[in-house]
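This is the structure I want to talk about, given as C-alpha cells.
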Amino acid sequence: ILECVFSCDIKKEGKPCKPKGEKKCTGGWRCKIKLCLKI
C-alpha cells in the first residue's frame with residue numbers, strides 16, 4: 001500500500017483517490033504529484 005505524498009483533491013470517476021481524513025489512497029488509486037493514478 002502506497003501512501004500519498006500530497007493530499008489529493010482531484011477526483012476521477014466521481015471518487016477521490018484519497019478520501020478526506022484518510023492517510024492512504026483507496027480503491028486502487030494512488031497520488032503522484034497531486035495527480036490520481038489508477039494502479
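Cβ coordinates come from backbone N, Cα and C, glycine included.
Not my notes, these are from Swiss-Prot:
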DISULFID  Cys4-Cys25  disulfide bond
DISULFID  Cys8-Cys31  disulfide bond
DISULFID  Cys17-Cys36  disulfide bond
Where Cys25 (disulfide bond) and Cys36 (disulfide bond) are concerned, what is their Cα separation in Å, rounded?
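Spelling it out, the Cα of Cys25 (disulfide bond) and the Cα of Cys36 (disulfide bond) are 9 Å apart.
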Where does Cys31 (disulfide bond) sit in the DSSP three-state scheme?
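Reduced to three states, the DSSP call for Cys31 (disulfide bond) is strand.
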